[in-house]
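Engineer: Shown below is the structure under consideration.
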Amino acid sequence: MSELPATELTDLAHASGRFTISTLISTEDSGKPHYGQPDTATYEATHPNHLTHSSTFYMRTFGYNTVDVVPTYEHYANTKVAGETSKVRPTLADLHSFLESDNSRLHNPVYEPQKSNGLSDETTEEDGGEGGEKPQGEPVRFGWVKGVMIRCMLNIWGVILYLRLPWITAQAGIALTWLIIFMSVTVTSITGLSISAISTNGKVKSGGTYFLISRSLGPELGGSIGLIFAFANAVAVAMHTVGFAETVRDLLQEHNSPIVDPTNDIRIIGVITVTVLLGISLAGMEWEAKAQVLFFIVIMISFLNYVVGTVIPASEEKQAKGFFSYRADIFAQNFVPNWRGPDGTFFGLFSIFFPSATGILAGANISGDLKDPAVAIPKGTLMAIFWTTISYLAISATIGACVVRDASGSLNDSIPVGSPGCEGLACDYGWNFTECAQKQSCHYGLSNYYQSMSMVSGFAPLITAGIFGATLSSALACLVSAPKVFQCLCKDQLYPLIGFFGKGYGKNEEPIRGYMLTYIIAVGFVLIAELNTIAPIISNFFLCSYALINFSCFHASITNSPGWRPSFRYYSKWAALFGAIISVVIMFLLTWWAALIAIGIIVFLLGYVLYKKPEVNWGSSVQAGSYNLALNYSVGLNEVNEHIKNYRPQCLVLTGPPNFRPALVDFVGTFTKNLSLMICGNVLIGPCKQKMSESRLTSNGHTKWLTKRKIKAFYTDVVADDLRSGVKTLMQASGLGKMKPNILVIGYKKKWQTAHPRMVEEYTGILHDAFDFKYGICLMRMKEGLNVSRMMQAHSKCLWRPRLQALHQLRLG
């Protein structure tokens, strides 16, 4: 191999610039050998400033001893930071159109020398994130612990944990309570795996669950679930606030200080609480995150306080309320169910408990505020599900082993052990709760007292603080999630009249108008003032969201789209399908009429988007599925034998631009319609480069014209030197497999008597070519002719000439 003559480089900046073609072939170097590799030692001796083993230029090649520059990542990324100066580099079109011969010499592009990888020598983009100063207007971003795991755990640990889990344990027993927990966790875990896969399949922006579903399944299902999920989060604010208000009301009653009455007290306290939470949310995400961390610490202390309380010997006051520390016989009695009241059914209790497991999307809902959503969402969500599941199982088992179902709370019910006429486990511990248990008038015990965890704990005020922290943190997370999801939906403009709420304010683009709408919805449901009524309402809406998330993951996997490459591998498409099916089944098992209403709302919103057909292109799995179906059916047609009964007229229509010959298009469209193939062909005569650019600019417009005219047809064009050769190409290349034209539709040659003989010969040659290619021929003749392009031009001149004359007179005046 001969050596490539070394080119004198003037400075290191030029050497470390982008790849530059300095000279390929020139008259001066025509006699010299080319395309060899320079000797390194010779190069270093002649260019001491460019030592390849000592300069940073060599280090930037990542171990390759070459003068070529390593590709820059930013050149190939599909994202761009706002305000960043774009880098000057040759495009593929530049390189394609540049090398043109001129007097046996190839001209070379000259580009500005820049850094080899677009980064400074001192730091990289990753290193600069910590060392450099944060710009003043940069929004707050969170990691996986603070942004996802803690947020999800706080949202899961809501009012149900403290106020309803002991009561559910008394009703369903420890065994069925664990089954309820495992059923809920099965749905949420599968959903967590699905959302982890979706969130690691590309860039995740703000919009949370709506963004993930809409970009996966498309705007039809994404838009409907975005509205429902935002509404469900707004109602969840009311649910957690009512739980907080119940606790405050009970404290007021214990101290004989009611405000009005029990129901109105909940309403008053709830409205005040939602208003305060709204103020915290409007203060910004940074303050909201600090409040969440504070709530998390309070809940951890309350858990520790509860565990310590279960091992402390019970006092007489606690024994009168049914607490006797750990007892095997109490555990055995509470292990089996004891159904009571209108909610005393398995699925009735499941519908009450399930909202306590629905906080797994709290981290994904603020995806726009995370540093790295693709890492934070999977890790934080799955860790939150694991730890909260452990806590639910532990609290259910421990409180079921310590507290009996019924207790009077009266110290006068103490009796000697073994006294006659006493029934129940408490008799063995010196307490007689028989009378209140038979009359169902007991005020304490797991079945009657919602504050059982507070009573069991070592220091009751800490449990109260934990209830406050859990309910307020969950309400705050939902109050932030709902506007964020709704804002993204508003910006996509899928539905009318909601764009007003999508406006963002401040460096974090806070949806203040969305906050106000969420506040109004939450206050409306707070006025219901009944926790057991609000909880089942949102169960179906959350289950709808989970069903669609799982179906999104399944559908994206089953379509085998090249764009589906999630970095999170621990998911299964069949598990996702099972999660989608079981979510729908549970919806109907909980409340069948509410499930029908939720599905009806989704179908209505879906139908609206299908009717409006918004102009969005998100590369959804539905599009990939459509391609798969079309490909499979097209290939399958190859195995179908032709028969006269299945004959269909498949037409190649020589329309030129379709809007120039609408009569020809409409005539063929009347018998092809939805029954057979119609291809509108156009031959572009002229230089290839010029006509190809014309084709790229106009082909999409021609297709839209056909769609607007409700003609189901394809448009295709070819570039050729003359009309006949172009039509030959169309007849040979049009179609796919068995979906090929068998009829050539062409307009009748007008004024052929006076036309140039070559044009007439070209026209008749096309007819002969059609017969050679086994095409049928359809000639269409109209008295006025088929080409309306001249009429369109004349009409355009009639419209514009008076306006131009008026403008000319105005200028003269």
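Each residue, glycine too, has its Cβ placed from N, Cα and C.
All annotation found in TrEMBL is predicted automatically rather than curated by experts.
Per TrEMBL, the feature domain 'Amino acid permease N-terminal' maps to 52-106. Positions annotated as domain 'SLC12A transporter C-terminal' by TrEMBL: 661-796. Marked as region 'Disordered' by TrEMBL: 105-138. The annotation transmembrane segment is assigned in TrEMBL to 144-163, 175-201, 221-245, 266-285, 291-312, 346-364, 384-404, 459-482, 512-529, 541-558, 578-611.
Neighbours and distances for these, please.
Structural biologist: Summarised by DSSP class, the composition of the domain 'SLC12A transporter C-terminal' (661-796) is 67 helix, 27 strand, 42 coil.
Residues 239-240, 242-244, 246-247, 289, 292-293, 295-296, 299, 352-353, 355-364, 366, 369-372, 375-377, 379-381, 383-385, 387-388, 391-392, 395, 450-451, 453-454, 463, 466-467, 469-471, 473-474, 477-478, 531, 535 of the same chain, all 6+ positions outside the transmembrane segment (144-163), place their C-beta atoms under 8 angstroms from a C-beta of that stretch.
For the transmembrane segment (175-201), same-chain residues at least 6 beyond its ends with a Cβ under 8 Å from one of its own Cβ atoms are 165, 168-169, 209, 212, 216, 335-337, 346, 349-350, 353-354, 356-358, 360-361, 364, 367, 373-374, 377-378, 381-382, 385, 389, 392-393, 396-397, 400, 543, 546, 549-550, 552-554, 556, 563-568, 570-572, 575-576, 578-579, 582-583, 586.
Distant neighbours of the transmembrane segment (266-285): 139-140, 237-238, 241-242, 244-246, 248-249, 259-260, 291, 366, 369, 472, 475-476, 479-480, 506, 508, 510, 512, 515, 519, 522-523, 526-527, 529; these residues of the same chain sit at least 6 beyond its ends, with a Cβ under 8 Å from one of its Cβ atoms.
Nonlocal intrachain contacts for the transmembrane segment (291-312), taken as residues 6+ away from its ends with a CB within less than 8 angstroms of a stretch CB, comprise 146, 150-151, 153-154, 157, 280, 325-326, 391, 395, 398-399, 402, 453, 456-459, 462-463, 465-470, 472-473, 476-477.
Same-chain residues lying 6+ beyond the ends of the transmembrane segment (346-364) with a Cβ under 8 Å from its Cβ atoms: 144, 147-149, 151-161, 164-165, 168, 171-172, 176, 180-181, 183-185, 187-188, 191-192, 195, 199, 208-209, 212, 229, 236, 239, 370, 373, 376-377, 380-381, 384-385, 388, 392, 474, 477-478, 481, 532, 535-536, 538-539, 542-543, 545, 586, 589-591.
Tertiary neighbourhood of the transmembrane segment (384-404): same-chain residues 148-149, 152-153, 156-157, 161, 165-166, 168-170, 173-174, 177-178, 181, 185, 188-189, 192, 303, 306-307, 310, 322-328, 330-331, 333-335, 356-357, 359-360, 363, 424-426, 433, 445-446, 452-453, 455-456, selected by CB-CB distance under 8 Å and a gap of 6+ residues from either end.
Residues 151, 154-159, 161-163, 208, 230-231, 233-234, 236-237, 240-241, 243-244, 247, 251, 273-274, 277-278, 280-281, 285, 288, 291-292, 294-296, 298-299, 301-303, 305-306, 309, 359, 361-362, 365-366, 451, 453, 514-515, 518-519, 522 of the same chain lie 6 or more positions beyond the ends of the transmembrane segment (459-482) yet place their CB under 8 Å from a CB of it.
Sequence-remote contacts of a segment are chain residues at least 6 beyond its ends whose Cβ falls under 8 Å from one of its Cβ atoms, and for the transmembrane segment (512-529) they are 230-231, 233-235, 237-239, 241-242, 245, 263-264, 266-267, 270-271, 274-275, 278, 281-282, 479, 482-484, 486-487, 490, 500-503, 505, 537.
Sequence-distant contacts of the transmembrane segment (541-558), counting only residues of its own chain at least 6 positions beyond either end whose CB sits under 8 Å from a CB of the stretch, comprise 187-188, 190-191, 193-195, 197-198, 201, 209, 212-213, 216-217, 221, 225, 228-229, 231-232, 235, 354-355, 358, 361, 564, 571, 573-574, 576-581, 583-584, 586-587, 590, 598-599, 602, 621-622, 624-625.
Remote same-chain residues near the transmembrane segment (578-611) are listed as 183, 186-187, 190-191, 194, 219-221, 223-225, 227-228, 347, 350-351, 354, 494-495, 536-537, 539-541, 543-544, 546-548, 550-551, 554 (criterion: CB distance under 8 Å, separation of at least six residues from the stretch ends).
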Engineer: As a test of reading the model: what is the averaged pLDDT for the domain 'SLC12A transporter C-terminal' (661-796)?
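Structural biologist: Across the residues of the domain 'SLC12A transporter C-terminal' (661-796) the model's pLDDT averages 85 on the 0 to 100 scale.
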